[in-house]
Structures are given as C-alpha cells and as structure tokens.
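Chemist: Below is one structure. I have some questions about it.
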C-alpha cells in the first residue's frame, strides 16, 4: 500500500491524496464555519432591539421571515453551488462563501430599516450556501471510510466550540463597548465589523490550507446537466432518500433553533428589566449552554456510529432530538434556574441529528457526484428550515415562544418512524473499509 494511504491526524485516517496539513487546516476551518454562520441570529436580535427599535410583539415574525428568505435563497442555490463545488473545486468556493459572510456582517449593522435586512439576507444566504455546501463536501472527501464517523464527530465538537467562541465571545462585545462609552448603535457596528474580519481570516485559511482541485482523477468531468440531475436521482437509494429526509430537519437545525432560542431569552431578559445588550448576552448564554452540551456529547456519539448501521444510529439520534425539543414544553421561563437541563437535552438532540444525517449521507454519496448529492441534501434541509421558520415565527408571536421547538420535535418523531421503515427494508449496512 502506498504510504499516502496511511496518513493520519490524531485518530483520523485520511483518504488517499489528503495530506496532514490539509486535514489540520480543515479542522481549523471547521471550527469557524458554523459559528460564523450562526452569529447572524445574535447580531440580528441586537439590531432589531437596539438599532431599529422593533416592537417585541413583531420580532418573532420578522425573524422567521428573514430566515425564510435565507432558505429561499439556499433552496434555489444549493444544487448549483454543489455543481460549482464539483467542477471548480472545494477550496475556491469555500473561500468565496466566507467573503460573502464578511460582506453581510459589514452591511447588517448599517441597515436603516427592516427592508434593508431583507436585501442583506440574500447575500448572507449565498454565503451560507457556499460555506455549508463546501463544509459538507470536504467532510466527505477527507476521511477514510472507517474514520468517517470520527471526523464527523470531531467537526461537530469543533463546530460547537466555534459557536461558543463566536456567539458568546462576540455576543458579549456590545455590552462591553457600551460600558466603555460607545453608543448602543456604535457597539453593534463594531461587533459586526469584528466578525466580518474573522470571516476574511477564514477565507485566507481556506485558500492556504485546503487541498486544491477536485478529487476526480483521470476521469472525464460529468456535464452540468448530469451533475444537476444526479443529486436527486440518487434518492432512488432508500438510504439516500432517508438522509435527505433527515436533512429536512438536520441541515441548518442549529441556525433555526438559535434564532428562536436567543430571541426567547432576549425578550425574557427585556421583560425582566435588562437593557438590549444585557438581554442579548443572557439570550446568547442559554444558546451557548446547548452548544456546550452538544460538543461534550459529539465525541461520545461519533465512535458509536462507526460501530453500528448508520440508519439505526440515525433513528437513535431522532429520538434524542425529539426529547430535547419537546421537553421545552415543560419550561416556562427561559432564564429560570431549572432551564439548564432543558438546554443540555436540546443541545444533545441537535448535534445528534446533525451527526447522524452527515454520517449517513457521507457513507451513501457516490464519490464522483458528492457535491451534487450533498447539494440535494442541503436543499432538503433548506425546505425544512423554510417551512419551520415561516410557521414557527408566526407561532412564536401568536401562540407561544416554544412553538418552533414543538414543530421540530414533531418532525423528529416522524423521521424516527421513517428510519425504522428503511432499516427493516434494507437491512444492515456496516462500515465499508
């Protein structure tokens, strides 16, 4: 066996052609990717309250519509982005995505109205499409099959740490800047500009550290039409179809829940007499608690998924997610002292579905069509987020702040039943070494 097949980074055996420096660079980029995408929820909550002065009774609906618009963009662009990733290479598309996120964070605090935020959300949506699509594709490319679950778990942990670093770190900056004498609006602007700078740093890291090109060697590149059709044609495999269904709730689940969890905590803080900066800080904290529990759980779950059929693993993940989301029905005050256990359960459920869906699609996606298949995977997630945020945002304002989580929990139960059906139909498929 060629020595190149034996490269490792820690416990991860790399795929042929992937060097350790590529792997380490991907881990660093994985640390930043999700956190830089999810900070929008914190920044947006601050801007709605401090910059634009939007009434609290309207914020759930506005937040839901903004996420809805983002998902329209992602729905339209995920498959074309997957095609570009397959044809132009992972590295360049990944870097462009980070630069689009940087532009979003420069423009967002300059908004003069909610209407401006809708325009900037289109740019953000394009950034999410490219970053999420490239992240998923590289996560499939880099590990050997027997290490796939471990890499997914490690990226899950790093993503959780990145979310904690980005959201808790930068989420506390406005309050600190106000204490230092800046106005609330200036504090919001400088915070967003700092996040934009980190996005530019991530783009540079991608270009310098990841493997250039695409992993198709000595083969004719498939046509655009073939790549476009291949994404959803792969769903003839029931396990791929299940992975797409899992993505309906898993892909972007952290972003959707962050929107309503942070908003719920922020509005509860304002109701308790806090100013906007302090309320956002407390709303962010409960989201961070969920992410810390997720990153602790991820390295426990990842190795287990490498030992059992991945549909079985996904079924277990759906149960955990349903418990986490539906348990919030028992929580009346998001800032109450008993909230900790609920956020721990929520974090475990969210990361479980993410890991389960990624691990299954990573095993089943054909190598030469991975970008397109993962584009279809992400489109499925975009459809789910689109529906959940539209309905959830309305229910947040009109019924109860916990309503979006109940919607997610109900979908988790439906997909658990789908996992059982696919598992019984296809039988076990163990890790292919």
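The backbone N, Cα and C atoms fix where each Cβ goes, and this holds for glycine too.
TrEMBL annotations: computationally assigned, not manually curated.
The model shown is predicted, which means the values in this text are computed figures rather than measured ones.
This is the feature table in TrEMBL:
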| type | residues | note |
| --- | --- | --- |
| DOMAIN | 23-427 | domain 'Major facilitator superfamily (MFS) profile' |
| TRANSMEM | 24-46 | transmembrane segment |
| TRANSMEM | 66-85 | transmembrane segment |
| TRANSMEM | 92-111 | transmembrane segment |
| TRANSMEM | 117-139 | transmembrane segment |
| TRANSMEM | 151-170 | transmembrane segment |
| TRANSMEM | 190-210 | transmembrane segment |
| TRANSMEM | 255-273 | transmembrane segment |
| TRANSMEM | 285-304 | transmembrane segment |
| TRANSMEM | 311-328 | transmembrane segment |
| TRANSMEM | 340-361 | transmembrane segment |
| TRANSMEM | 373-396 | transmembrane segment |
| TRANSMEM | 402-422 | transmembrane segment |
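What's the neighbourhood like for these features in this structure?
Modeler: When pLDDT values are averaged over the domain 'Major facilitator superfamily (MFS) profile' (23-427), the model yields 84.
With a cut-off of 8 Å between Cβ atoms, the residues of this chain six or more beyond the transmembrane segment (66-85) that come close are 44, 93, 117-118, 121-122, 124-126, 128-130, 132-134, 137, 214, 224, 227-228, 231, 252, 255-256, 259, 371-376, 378-379, 382-383, 385-386, 389-390, 393.
The list of residues near the transmembrane segment (190-210) in space but at least 6 beyond its ends in sequence, with Cβ under 8 angstroms from a Cβ of it, reads 21-22, 24-26, 28-29, 32-33, 36, 39, 43, 46, 90-92, 94-96, 98-99, 101-106, 108-109, 138, 166, 170, 173-174, 177, 182.
Among residues of the same chain six or more beyond the transmembrane segment (255-273), those with a C-beta under 8 A of the stretch's C-beta atoms are 37-38, 40-42, 44-45, 49, 56, 59-60, 63-64, 67, 128, 167, 279-280, 282-287, 290, 333-335, 346, 350, 385, 388-389, 392-393, 396, 401-402, 404-405, 408.
A Cβ distance under 8 Å defines the sequence-distant neighbours of the transmembrane segment (340-361), meaning residues of its chain 6+ beyond its ends; these are 136, 139-140, 148-149, 152-153, 156, 160, 239-240, 242-244, 246-247, 249-251, 253-254, 257, 261, 286-287, 289-295, 297-298, 301-302, 305, 310-311, 313-314, 316-318, 320-325, 327-328, 330-331, 373-374, 377, 405, 412.
Within the same chain, residues 238-239, 241-242, 245-246, 248-249, 253, 256-257, 260, 264, 311-312, 314-315, 318-319, 321-322, 324-326, 328-329, 331, 346, 349, 353, 384, 388-389, 391-393, 395-396 sit at least 6 positions outside the transmembrane segment (402-422) and bring their C-beta atoms closer than 8 Å to a C-beta of that stretch.
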Chemist: Counting only residues 6+ away from its ends, which parts of the chain sit with a Cβ under 8 Å from the transmembrane segment (285-304)?
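Modeler: For the transmembrane segment (285-304), the nonlocal Cβ contacts are 41, 149-150, 152-154, 156-161, 163-164, 167-168, 171, 254, 257-258, 261-262, 265, 313, 317, 334-335, 339-340, 343-348, 350-352, 355.
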Chemist: Can you find at least 3 Cβ pairs under 8 Å between the transmembrane segment (151-170) and the transmembrane segment (373-396), where each pair is 6 or more residues apart in sequence?
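Modeler: No, since the transmembrane segment (151-170) and the transmembrane segment (373-396) share fewer than 3 Cβ pairs closer than 8 Å, they do not count as touching.
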Chemist: Cβ under 8 Å, sequence separation of at least 6 from the ends of the transmembrane segment (24-46): give me the contacting residues as numbers and ranges.
Modeler: 9, 59, 63, 66, 94, 98, 101, 104-105, 108-109, 117, 124, 127-128, 131-132, 135, 138-139, 142, 154-155, 158-159, 161-167, 170-171, 174, 188, 191-192, 195, 198-199, 202, 205-206, 208-210, 254-255, 258-259, 262-263, 266, 276-277, 280, 283-284, 287
